[in-house]
Amino acid sequence: MESSTSSSGSALGAVDPQLQHFIEVETQKQRFQQLVHQMTELCWEKCMDKPGPKLDSRAEACFVNCVERFIDTSQFILNRLEQTQKSKPVFSESLSD
């Protein structure tokens with residue numbers, strides 16, 4: 001009975017890293033979408049005084065600056081996540097069995 005428990009435990013161990021990786025990726029996507037929403041709201045509140053038919057030069061410059069900072073920040077975050085992903089081998093447990 002113990003051998004069947006240990007073999008099913010090792011089978012689950014082989015699936016867990018894949019599932020964990022999938023969950024991490026989906027969580028990162030969700031966080032990124034939340035960040036886009038927050039930055040859109042922040043830039044709108046910061047830069048848009050009165051909605052009108054045309055942006056004035058101050059509002060336009062503000063939006064450009066806000067979006068550029070968002071892109072810089074997003075690129076930094078993506079690079080950091082990529083470094084984190086590379087430093088964690090996904091299938092290391094299944095290869096050692």
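For all residues, glycine too, the Cβ spot is worked out from N, Cα and C.
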Phosphoserine: annotated position in Swiss-Prot, out of Ser8, Ser87: Ser87
Among Cys43, Cys47, cysteine joined to Cys62 by disulfide in Swiss-Prot: Cys47
Neighbour count (Cβ, 10 Å) for Cys47 (disulfide bond): 18
Tally of residues which DSSP labels helix, strand or coil - the motif 'Twin CX3C motif' (43-66): 15 helix, 0 strand, 9 coil
Other CB atoms, at most 10 A from the CB of Ser87 (phosphoserine): 7
Whole-number mean of pLDDT values that fall within the motif 'Twin CX3C motif' (43-66): 91
